[in-house]
Amino acid sequence: MNPYALSILLSSLAVGTITTLSSSHWFLAWVGLEINTLAMIPLMTKMHHPRSTESATKYFLTQAAASALILFSTIMNAWATGEWAIITMNDNSSTFMLTIALSIKLGIAPFHLWLPDVMQGLNLTTCLILATWQKLAPMSLMIMTNHQLNTNLLITMAVLSTVIGGWGGLNQTQIRKMMAYSSIAHLGWMTLVLSFSPNLTALNLMIYLMLTSSMFLMMTTLNSTNINKLSTSWLKTPLLASSMMITLMALGGLPPTSGFLPKWLILQEMTKQHLGAVSALMAMSALLSLFFYLRLSYAISLTTAPNTSNSNMTWRMTHNQMQILPTMITLTTVMLPITPTLLAMLN
């Protein structure tokens, strides 16, 4: 892609998200979401492949439907209350439609079916943007309107998301689809605690962005898109392969990695709200996700390819675009001891 066109598209992505994050008026927030969507579609189609065209079409149709539903719900709310401010969603039917629309935008179950197919047709860099940056604007709107959203609806979608996110990733061989189902499961954890503690949702979002970014950056460095390619990574870059294994354990929520922190705090908050059955179901559904993370870790670290590797061990990276990767990998492991500091910052 032309560097000038790429810079314009990435700038538009940034402008769209920042517009939504900084707005207090529904129409301005909607405009930011539209800029975001329109800037993302050319990035998806830059591969000139039928799969990427299909992904861009599916993404456009789902996002356009969600945007129309957001606009419709805010107009209904303005008709009923006379207010366009984001924090004044007081009409029940408007709030219900808004929850569904933002769930479609994020890919929360049962509105998740577009996400694995779209991510499978994209290259790893565009997948990284879709799985991280594109979550910021819709999730910020959910956090801003958290006190007006239907709690029972959010809990139902959260449990569905974690179960489907774990179940869907079990039989996959493509890592991009696994990461899509991982995203669905993590969104379920964020949605669960949204009504009770939006600060915990923000903390979970921050750690999810960090873990997913480091995972996609490592996949880009190793040029791996399926499990078979991962099995040769230990021969070429053992340090990076072991780092990927730690990051996968963090995504699964195993202590003492950073991924354990949000799950622990969310389950603690849910038991305080006397929702023990929901907490138990969420904890058990997290084991489903952990299984396919362990499957990936096994393929990386405990299997070697049957063929002889002809490439020398790349003990030194010849390219410099991954300078942020060591920082991301370090953060996936060391954030648990600073939990009190993070909670104090959010409160």
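Just so it is clear, glycine is given a Cβ too, placed from its N, Cα and C backbone atoms.
Just so it is clear, the model here is predicted, and its values are computed rather than measured.
Under the heading domain 'NADH:quinone oxidoreductase/Mrp antiporter transmembrane', TrEMBL lists 23-288. Positions annotated as transmembrane segment by TrEMBL: 56-76, 96-115, 149-167, 202-222, 274-294, 324-346. Annotation source TrEMBL lists domain 'NADH dehydrogenase subunit 2 C-terminal' at 290-342.
The highest tally of CB pairs under 8 A with the transmembrane segment (202-222), across 56-76, 96-115, 149-167, 274-294, 324-346, is held by 324-346. Residues 155, 158-159, 162-163, 165-167, 169-170, 172, 178, 181-182, 185, 188-189, 192, 248-249, 251-254, 263, 266-267 of the same chain sit 6 or more residues outside the transmembrane segment (274-294) yet have a Cβ under 8 Å from a Cβ within it.
Residues 26-27, 30, 33-34, 37, 40-41, 44-45, 84, 89, 91, 93-95, 97-98, 100-102, 104-105, 114, 117-118, 130 of the same chain sit 6 or more residues outside the transmembrane segment (56-76) yet have a Cβ under 8 Å from a Cβ within it.
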